[in-house]
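**Q** Can you keep this structure in mind? I'll have questions shortly.
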Amino acid sequence: MDASAGGGGNSLPTTGADGSKRRVCYFYDAEVGNYYYGQGHPMKPHRIRMTHALLGRYGLLDQMQVLRPHPARDRDLCRFHADDYVAFLRSVTPETQQDQIRALKRFNVGEDCPVFDGLYSFCQTYAGGSVGGAVKLNHGHDIAINWAGGLHHAKKCEASGFCYVNDIVLAILELLKYHQRVLYVDIDIHHGDGVEEAFYTTDRVMTVSFHKFGDYFPGTGDIRDVGHSKGKYYSLNVPLDDGIDDESYQSLFKPIMGKVMEVFNPGAVVLQCGADSLSGDRLGCFNLSIKGHAECVRFMRSFNVPLLLLGGGGYTIRNVARCWCYETGVALGHELTDKMPANEYYEYFGPDYTLHVAPSNMENKNTRHQLDDIRSKLLDNLSKLRHSPSVQFQERPPETELPEVSILLQAIN
């Protein structure tokens, strides 16, 4: 299968046009690592701080514009979320939650999505980074990165799967002010249900999710779910089984995404880089190496379309930090040494103290026949989209004002 359809798509050479520098900006708030979902909860914002420390020690912060996100305001969040849901997130605290039992139930807050100190500030911070990244792309940056974002399960009126505010939907809405078509790609092990649902009936946003399917959260993402009305065939779902490895994954990712880029021709791409699809994840069951995961970033970067890179899942936090550090290097066109430089979280990375970890010998339950069948069905769906839709631009909505604050590049928070 030719993986280079669509005028891009080959792995990045170290020199030449595709190895050329990109204007990259990176959003980080030093407070983000302090938020704590609670004892025993697998989601740990501390992984963002670990990633940032690695970026500093590898010298990558000096290669990017480093920005502190301006917190998203109520009205920014309400561009997607219901007013009463946002008001609830703003007001609820660990101390007052017992007085709001009905609201907790209604908004699905409590167990997977607990109330914790600073919850609303956390939401404002990670959403502000993603929307700020979209604004930067709209004004000439090539790549924007927000590893604190990518919380793809949140719905208009409810929290879900550790996600409260859907920063991805908000960022896509911002990109749509400048771009007729925006592509969303999701390589988290879980289906990107919140984003798919938000754009299920439009042809201006195509969503493509590669995920574990079958008795697995959130239970959606069947290959037969293709979108509805004007959005029919603008949702693509790639259902996978346990143990998928780099080669099997790329045998689907490259031909499908190559064809998507050719047929849909987006003005901007949002790539959710959930790291729970890596081998050895605490909650995941795939067998991707960091290089295999990062190959998706490399491939999407090669099309030279404005690219927003976001985080997402990832619960073996030492590997999450490894992965997002390496993928930042890919965004910048820098290959990083495997030997890890000394850093304040060095003990997390023992006993090898390397950037890369070997995948396991777990069984790959995705047979060649199954993979061929999935690829064939999805390429057939894409063939029904003859060409990119023509969209009449309306008057542009007002600009989102997000005065980001530059961080001193040499400071490692």
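The backbone N, Cα and C atoms fix where each Cβ goes, glycine too.
Reproduced below are the annotations present in TrEMBL:
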| type | residues | note |
| --- | --- | --- |
| DOMAIN | 41-328 | domain 'Histone deacetylase' |
| BINDING | Asp112, Gly161, Tyr315 | substrate binding site |
| ACT_SITE | His153 | active site, proton acceptor |
| BINDING | Asp188, His190, Asp276 | divalent metal cation binding site |
**Q** Out of the recorded positions His153, Asp188, His190, Asp276, give me the one sitting nearest to Tyr315 (substrate binding site) by CA distance.
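**A** That would be Asp276, nearest by Cα distance.
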**Q** Please report the distance from the Cα of Gly161 (substrate binding site) to the Cα of the residue listed as 'active site, proton acceptor', rounded to the nearest angstrom.
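**A** Distance between the two Cα atoms comes out at 6 Å.
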**Q** Apart from Asp188, His190, Asp276, which residues in this chain have a Cβ no more than 8 Å from the mean position of the Cβ atoms of those residues at the divalent metal cation site?
**A** Ile189, His211, Gly274, Ser277, Leu283, Gly284, Gly312, Gly313, Gly314
**Q** Since the record lists Asp112, Asp188, Asp276 as binding-site residues, which of them has the fewest other Cβ atoms within 10 Å of its Cβ?
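**A** Output over binding-site residues Asp112, Asp188, Asp276: least Cβ neighbours within 10 Å is Asp112.
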**Q** Give the sequence-ordered list of residues that share a chain with His190 (divalent metal cation binding site), lie 6 or more positions from it, and have CB atoms under 8 Å from its CB.
**A** His152, His153, Gly161, His211, Lys212, Tyr216, Phe217, Pro218, Gly274, Asp276, Gly313
**Q** Have a look around His153 (active site, proton acceptor) and count the other CB atoms within 10 A of its CB, chains all included.
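**A** Around His153 (active site, proton acceptor), other Cβ atoms within 10 Å: 27.
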**Q** If one measures from the C-alpha of Asp112 (substrate binding site) to the C-alpha of Asp188 (divalent metal cation binding site), what distance in angstrom results, rounded to a whole number?
**A** 17
**Q** Can you check how the pLDDT averages out over the domain 'Histone deacetylase' (41-328)?
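**A** Mean pLDDT across the domain 'Histone deacetylase' (41-328) comes out at 98.
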**Q** List the other residues in this chain whose Cβ sits within 8 Å of the Cβ centroid of the substrate site residues Asp112, Gly161, Tyr315, in sequence order.
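**A** Here the non-site neighbours turn out to be Pro42, Met43, His153, Phe162, Cys163, Phe217, Leu283, Gly313.
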**Q** Please give me the CB contact count at 10 A for Tyr315 (substrate binding site), counting all chains in the structure.
**A** 20
**Q** Within 10 Å of the Cβ of Gly161 (substrate binding site), how many other Cβ atoms can be counted across all chains shown?
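**A** Its Cβ has 20 other Cβ atoms within 10 Å.
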**Q** Consider each pair of residues in Asp112, Gly161, Tyr315, all listed by the record as binding substrate, and report the largest Cα separation in Å as a whole number.
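**A** Spelled out: the longest distance between any two Cα atoms in Asp112, Gly161, Tyr315 is 14 Å.
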